[in-house]
Amino acid sequence: MELASKYNPADVEGKWYQYWLEHRLFSSKPDGREPYTIVIPPPNVTGVLHMGHMLNNTIQDILVRRARMEGKNACWVPGTDHASIATEAKVVNKLAAQGIKKTDLTRDEFLKHAWDWTEEHGGIILKQLRKLGASCDWDRTAFTMDEERSKSVLKVFVDLYNKGLIYRGVRMVNWDPKALTALSDEEVIYKEEHGKLFYLRYKVEGDPEGRYAVVATTRPETIMGDTAMCINPNDPKNAWLKGKKVIVPLVNRVIPVIEDDYVDIEFGTGCLKVTPAHDVNDYMLGEKYNLPSIDIFNDNGTLSEAAGLYIGMDRFDVRKQIEKDLDAAGLLEKTEAYTNKVGYSERTNVVIEPKLSMQWFLKMQHFADMALPPVMNDELKFYPAKYKNTYRHWMENIKDWCISRQLWWGHRIPAYFLPEGGYVVAATPEEALAKAKEKTGNAALTMDDLRQDEDCLDTWFSSWLWPISLFDGINHPGNEEISYYYPTSDLVTGPDIIFFWVARMIMVGYEYEGKMPFKNVYFTGIVRDKLGRKMSKSLGNSPDPLELIDKYGADGVRMGMMLAAPAGNDILFDDALCEQGRNFCSKIWNAFRLIKGWTVDDNIQASDAAKLAVHWFESKQNEVAAEVADLFSKYRLSEALMAVYKLFWDEFSSWYLEMIKPAYGQGIDRTTYSATLCFLDNLLHLLHPFMPFITEELWQQMYERNAEEGESLMVSALSMDTYVDTAFVAQFEVVKGVISNIRSIRLQKNIAQKEPLDLQVLGENPVAEFNAVIQKMCNLSSITVVESKAEGASSFMVGTTEYAVPLGNMIDVEAEIARMEAELKHKEGFLQGVLKKLSNEKFINNAPAAVLEMERKKQADAESIISSLKESIAALKKA
């Protein structure tokens, strides 16, 4: 088939993706091969592809495709997450646009709307991943709320409850007033804010002098919930308050002064207002001293009846109003500018409210004890390893996980309340009824007598089971698939969910499988724009990935992403990198067309230059292939791509093909041509994981392939020789230096390539065996070893050997002298500038060492060039 003159991704990508699907080349079933398994970090079911997904899934696809070519049984499992908070918020907004409130609907009615929304918008992102070339086993596509996953979640909840690890109780939680649900500690993001510190006057009850204590607080709106004041017993300045009672400003509630060394003597005035219902630390003091708790907030962040004042007003409006009212009452001593960290909901970006609430919790210490050692001793490896410390810190400071959410979209908690109080926990209503009858001794109970908990589970409670539940390891422990595919091989994810997801998967993996869920974790960086800003919709600096693919092709975008993605570091993404990727596609395409355009002539033998070229490139390719394998083993994928890129662009295209290219209108010998096709095949294998579409197209074009059998580069073995003639490769670097210098002389002296030159080697020729290559590449008449160079010759050094090119009458001597004198003048001026800088004592004393070293190198380079120019000018003037 005739190959188009230009590479057009649109002609290639859809065609080959469909071919791979039709021949089920992404499919995996347990067999005798070594498994290679990756589970996709499930994106939100209603999400759309963004640059972070592009990076993450490009990396996963590279790893999976490489494993396939290594002969492993590669299984990449896709799926989506039900994303309770995000999805419910979208459904609520959609209903609101139709004039419907969530509170107007029954749970079942709301869930019908949620399922409709999910079916309409769900899975879009997985379809978009196909455009990227993602080679997932789509038959295995899972959803965290599908039947199999739901059964797994409920079974685990019941099991952990029966083990005494899940409990229900009133605790201080992070409350999201917008989503109207509790959050885990990991779902709270702390942001630095510039606010005020309010100094409030608490009058001492019955004090004849009318004295008062002053309390510093950032939250004056919570004084309605104050039930004590606390001082440090070792604080002399507040000792006069011991045993006293004070009056809460505006509220006029009398509260005791208690003593505890928890109070920081240096903060504010050393007096602390204690609000047990709305501060985590105050809650602990309340528990310790048996203080009452007054919850002054409604779930939506407005003040409740219990507050007594400002009822129904928003908490932040109250803060503004209470400042005025306190000041008017003479109860505000002063305010100061103050910077502190405020907790925000990760999902809704509103300030969270610490709140006492009845919730379900999972005890975490048991899990942390199992999950910390394997990471710290590198049984389970993190790339980059710096994230081990982040992981350790969290594990060593673990807190119980609040797993209940006041939402309807999600896995409903399988707890059923009994008519006379108490509850039972069971995976199904039928089991719950049987347990209820047994617990109450009332055989007449029916399902109508039981009331299931309204709350649902934290989304992460389903996704922590992902590597196990995808292979049905919870419902059917020890089945063929879980035994074969688990533990999975690699996890590719962002460090922002190391606690939410990575750590918890490790925990539950040891709990239910007795081993880690994956062998390696590769943490990607954050995708930023070229100015270093995080990509976001609000900044408008995040390109549409699908538009990038349409413009540059999937291979171009994949390559652009990976060129910008050093392992574990943030990615400074620039469209120019995708353009570089597209240009590389064109380079590959044109090199292929060049080779396939040659005519094989069986009547000619390989030239000496071609034999040397083949021997060199075979070693060079094997050397780079070994380097790439080593880089893959260290997850340095960007460097691996760059190594293959340079091998193809520089070594293969710029050097090898130039060395073997037949003269215009002539044929090429069969031996060299066969070797070249073999090299090209190897290069396509090395490039395929990074650039699957163009490599498949060209591989299919190389020879007649069996399309009916689904023959494909994707499942073609990556097998390369390991032999490297190291000395030969090193010598060839010298040869390249010689050729490059001769080419520079032609360029500088404006001598056409068709004009043959002579080369003189002074002393001894260290690369004499490569003379045929040098002669061909530089169009040389001869290479001779001499004791001294010809008058007027242009010379250069490669290593310790001097080479000279006699120019004779090839140049206009006067013009060349004028050119070199102009260059000499420029270089001398440049050198003076450098010397002036280096003679400046202030610069020498203050400049970083690297800058000084750079300036000294500039000096040395300029002096060397000046010396060479003077010598050349003198030689020309003599001639």
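Heads up, the Cβ atoms here are built off N, Cα and C, so glycines get one too.
Of the given residue ranges 99-103, 299-303, 534-538, 799-803, Swiss-Prot assigns the label motif ''KMSKS' region' to 534-538. Range with Swiss-Prot annotation motif ''HIGH' region', chosen from 43-53, 131-141, 142-152, 230-240, is 43-53. Mean model confidence of the coiled coil (807-878) amounts to 85 (pLDDT, 0 to 100 scale).
For the motif ''HIGH' region' (43-53), the DSSP-based tally of helix, strand and coil residues reads 3 helix, 1 strand, 7 coil.
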